[in-house]
Amino acid sequence: MEKIRTRYAPSPTGYLHVGGARTAIFNFLLAKHFNGEFIIRIEDTDTERNVEGGIESQLENLRWLGIIPDESIYNPGNYGPYIQSQKLATYKKLAYELVGKGLAYRCFCTKEKLEHERQLALEHHQTPKYLGTCRNLHSKHIQTNLDNQVPFTIRLKINQDAEFAWNDQVRGKITIPGNSLTDIVLLKANGIATYNFAVVIDDHDMEITDVLRGAEHISNTAYQLAINQALGYQRIPRFGHLSVIVDKSGKKLSKRDTKTIQFIEQFKQEGYLPEAVVNFLALLGWNSDFNREFFTINQLIESFTVNRVVGAPAFFDIKKLQWINAHYIKELSDNAYFNFIDNYLTIDFDYLKNKRKEVSLLFKNQLAFGIEINQLIKETFAPKLGVQHLSVKHRELFKELQSALQQLSEQLQALPDWTKDNVKSTLTQIGEQFNLKGKKLFMPLRLIFTNKEHGPDLAGIMVLHGKTQVLALLQEFIHATNLF
C-alpha cells in the first residue's frame, strides 16, 4: 500500500486564519489516520504579499495547535527544499523545457495591453481571458523581441478542446472544459514561477498523494491538471475541496471582518485552549460516525476519513467554540487550570490580590474563554453592595428572612475556621432549619454578597469577601426590616 503524504502549503502573508488552520488540520488527520506523513511547505513566490515574520507566525501557531509536521523547513526530510524561493532555478528550467517542446510560449504582451483586454471583456459582460496574441508568434518575431530585451512571461498552451476532470474526494466528479481556461502564466517576467506552476512541481517532487484544500482552488485544479499533463507527470495527487466557511449571515467568512475573531493568534490571546480550537475546526465540514462533539487529537486521528467530509458551507459559530472551550476548561485539573488562567488574570481589588488561585478556581465552571475571567470577577466583586442598592423587586425576596439571617450570622460568627466547607455546611443547616430550599435562601444571599441573582459558588464568594465583611453585610440586612 502506498504511503499517504499530505501537505499544508501556506504563503507567509500574515497570521494563520481559521480557514488555513482547518486545511492544515484535515491534511494532518488524513495522513496520521493512515500512518502517513504530513508536510509543511512554504509557498513564498508572491514576494509582493509576503510579510516579515509570516513564516514563523504560521508555523508557531500550528505548533500551538499541536499540528506538528513530519517534514518542514525546521525538520527537513529527503524531499526539500521546503520553501519555494529556494527552488526557483528548478521551476525556470522546467518552464523553458516546455517552451522547447512547444507546450509553452513566451508572451511579450505588456501589462497595459492585458489590462485593456480585460476591461473590454468586462464591458461586454465576458469572463476576462488572454486572447492568445503571442501564442503563434513567428520565430523571427520572437528573436527580435529577445534581441531587444523585451520583457516576457511564459504561458502554457491550454488545449481548448480538452476536458480536465477529476474525482474530487469531497465533491465527486468535476469536469472543467478547456475552452473555459486561459493560457496560464507559468513564469513571470521577473523569472519567478507562478503559484500554479510551482505547486505542481513541488507536489510531484515531494510525492504528495492527497491534497485537501479550500473550494476556491477548484478552478486552479484544472490548470494544475493541464500543467501535470504538459510536464508528463504520471503520478497526480488525489484532490478534495473543502466547504466554504461562512458567517451567521451565510456569507463567506472575510478576513476584513474585524468584529469576528478568526485568526489563531487571536484565540491564543483571548484564552482558548488549543485542544478546543482543533476540536471545533475539525467539525467545520467533517461529520464523525459517532454522535458526539468532543474529540481529543488522537480520537480525531482514529475517526477521520475523507468520505465523512462534506462540501456544504460550514457555519463558523463562535458560541459553539466557546461551549467546546468551556468543556475543555472544566476538564483541566485545578493546577493545570490555574497555570492556564493565570496568564489572563488581572485582579485590581486589593483584598483579592493575594488570593489569585482561590479567585480563579471560583470561576472554573463558568468560563467560556480565559480573558473572560476578569469580567466575571468584576461582575461578582465590584457591584455596590447593601440594602440601598437593591431593586424593589429584589427587596421582596427578603420578607420574613430576618430570623434566618440572624441565625446564619450567629453561626458564621461562631465558626472556628473561615473555610468554604464550613461556610457551605452552615448554609445547608440554615436552609434545613428554616425550611428554605434552593432559591428561597440562596438567591437572597447572592443579592447580599454580589447584588446578582446568579453566579459562581456562593460559599466561595463569601470566603473571599472575608468573615468581617460578610457579617457586616448580614447585619445591615437584618436591621433593615423597615425596607422589606
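Just so you know, the numbers here start at 1 and follow the chain as drawn.
Note that Cβ sites are derived from N, Cα and C of the backbone, with glycine treated the same way.
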_Under Swiss-Prot, the annotation motif ''HIGH' region' belongs to which of these stretches: 10-20, 76-86, 428-438?_
10-20
*Can you check which of 32-36, 202-206, 252-256 Swiss-Prot lists as motif ''KMSKS' region'?*
252-256
*In DSSP terms, helix, strand or coil for Lys255 (ATP binding site)?*
coil
_Within the same chain, where does the motif ''HIGH' region' (10-20) have neighbours whose Cβ lies under 8 angstroms from its own Cβ atoms, ignoring anything closer than 6 residues to its ends? I mean 6 or more beyond._
40, 42-44, 46, 49-51, 54-55, 57-58, 61-62, 214, 245, 253, 255, 262-265, 281, 284, 316
*Cβ atoms near Lys255 (ATP binding site) (within 10 Å, other residues, all chains)*: 13
_Per-state residue totals over the motif ''HIGH' region' (10-20) - DSSP helix, strand, coil_ = 3 helix, 1 strand, 7 coil
